[in-house]
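Step one of this worksheet: look at the structure below.
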């Protein structure tokens, strides 16, 4: 592209500007109105209880709507079939395979093996009464012949010991000394006088056992959060204070802080290597410590891995590699680090004059939380907006079999006259209206709008910060020539004039992200097909769109800076920003990326320091507060929470600095192209940058 020419009227962000990309602004407004309509319709038809509560064969929720019993059992002829329906429960009724599974709400899950025939003929008082709890609510006649009861589908042929999970009853399968058992038995009566081995239940119950183990893990993690949540909050507060202090110190001691940061990161990694070596040496000779990770396999209790020498050896090797890579990068980029420090110092001054910019990420975070909450609630209501569908089921031939029916009018319809054994039973949640037919499209629209609005919020934050920091750079006498409220002025300009441009840039990014999500979904669905060519093609497409998303994010970020400064539309801004960066590709590749690397080291220092402090506290290795640390099932739960939270907090603070550096860098390149340091075309850069680059303003004193 052509370098920018000197413009005597240009004095920073243009205030006399017009609206850009109006069509995209109108499209965004229409899309938001449509999104609100979709949300209202979803909230009208949806019922989130369907996600939590099971239903009986009438489509009623267990524990609600006249069914006070809490759990549901699924009755079907083949045990294996029902167990494979994860989320349902043990087979207990002898029906033909073609019939619908019957779900019954019960007050508690069965705790013993029992068939209806044995309960009926048992002399033990209360045996049949106990069995009646697992029959349909209308069953009252205990003297009715067993054959007639089973034929009328009023009671299951058998029940087996079960355990509740998510309000559903699962067979209580366990292994004792390598023997598979349900309850305390290895065989069971199938209700037809045949003894079967419980291993027939194993294949279907494997999924249930995985869910049970996951549930136990989740409960332990929840318990850890309940006893450590306030310590986690304290850790996050420490991370916030440390990040803020670090940012404030950068303003006054940028050069020293950068070098201290580099040394501290190297020391922290060095201590990590030393600690791993000490743990590795301490485990030498201990029983079981030489077991390999491959032989151990996956364990839900992660503390098991810390008793293996191979775990600490792996940690030590990883930390050594990271240490060596960082040292080599510092050696080869030592000269460029000085220029990066100058940019950070300049950014420190800019942030110091616009301190409100440090709080602006909280506004962006709040808006993103609103987007996430609206998307998640709409998705739940859309997925639960199906209606209860009832079908005709029968054991003999019937022309109405499988047709939709209504339980309220079924007994008075012609179906019962032509097919006496037919029943109108709950089949599934669905619907045959136009709304139900297009639910998948509404879900797709929900995902698309989430990406669009989330990217728009991020873009609004970037343009606002860019406009504020650009007003600092293009002030010839800093800070005297700066506007009174640069952050609010930039925010107002972005919303008033450039909503369409922000919508345009975020729309392009949202389309690419939706395509990536679609590819991930297709990849997940095609894994079972084991098609090598399809997997290869999907991998290539996923890689290409990942690269495209990264490029668009980079281009959008710089385009937003140009929009904030010049007030041009998105395409013009993107073209000018890209051309400017390409004309200075060496500076971009070195200075900008070195600065990003230094910011990464700052995040690493804060996260590493807070993480190490959390590790020593929750593992009760700090003697002063050893009794204060709460007892935990997994001490890695609060530690990981503190580490992830600390990174997000540090990223929020450093993102302001990153946007400031990017804005100043782009303005710096524009300054070099527009001006030459003469009296007519003086440089706007700070005296320190001019001194570092050996530039001067001839005939004028430096501001």
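Quick reminder: no glycine exception, Cβ is built from N, Cα and C everywhere.
Under the heading transmembrane segment, TrEMBL lists 21-43, 229-249, 256-274, 312-333, 354-376, 449-476, 497-519, 531-548, 598-620, 632-654.
Counted over residue pairs separated by six or more positions, the transmembrane segment (449-476) shares at least 3 Cβ pairs under 8 angstroms with the transmembrane segment (21-43), which defines the two as touching. Distant neighbours of the transmembrane segment (354-376): 39, 244, 247, 446-447, 449-450, 453-454, 457-458, 460-461, 464-465, 468-469, 472, 486-487, 652-653, 655-656, 660; these residues of the same chain sit at least 6 beyond its ends, with a Cβ under 8 Å from one of its Cβ atoms. Taking pairs at least six residues apart, the transmembrane segment (598-620) and the transmembrane segment (632-654) share three or more Cβ pairs below 8 Å and count as touching.
Listed stretches 21-43, 229-249, 256-274, 312-333, 531-548 were compared with the transmembrane segment (632-654); the greatest number of C-beta pairs under 8 angstroms is found for 229-249. Counting Cβ pairs closer than 8 Å to the transmembrane segment (312-333), the top stretch among 21-43, 256-274, 497-519, 531-548 is 256-274. Comparing 229-249, 256-274, 497-519, 531-548 for CB pairs under 8 angstroms to the transmembrane segment (21-43), the maximum falls on 497-519. Sequence-distant contacts of the transmembrane segment (531-548) (same chain, six or more residues past either end, CB-CB distance under 8 Å): 512, 515-516, 519-520, 522-523. Below 8 angstroms of C-beta separation, residues 246, 249-250, 315-316, 319-320, 322-323, 326-327, 330, 337, 340-341, 344, 598, 601-602, 604-605, 608-609, 612 of the same chain, each at least six residues beyond the ends of the transmembrane segment (256-274), sit close to that stretch.
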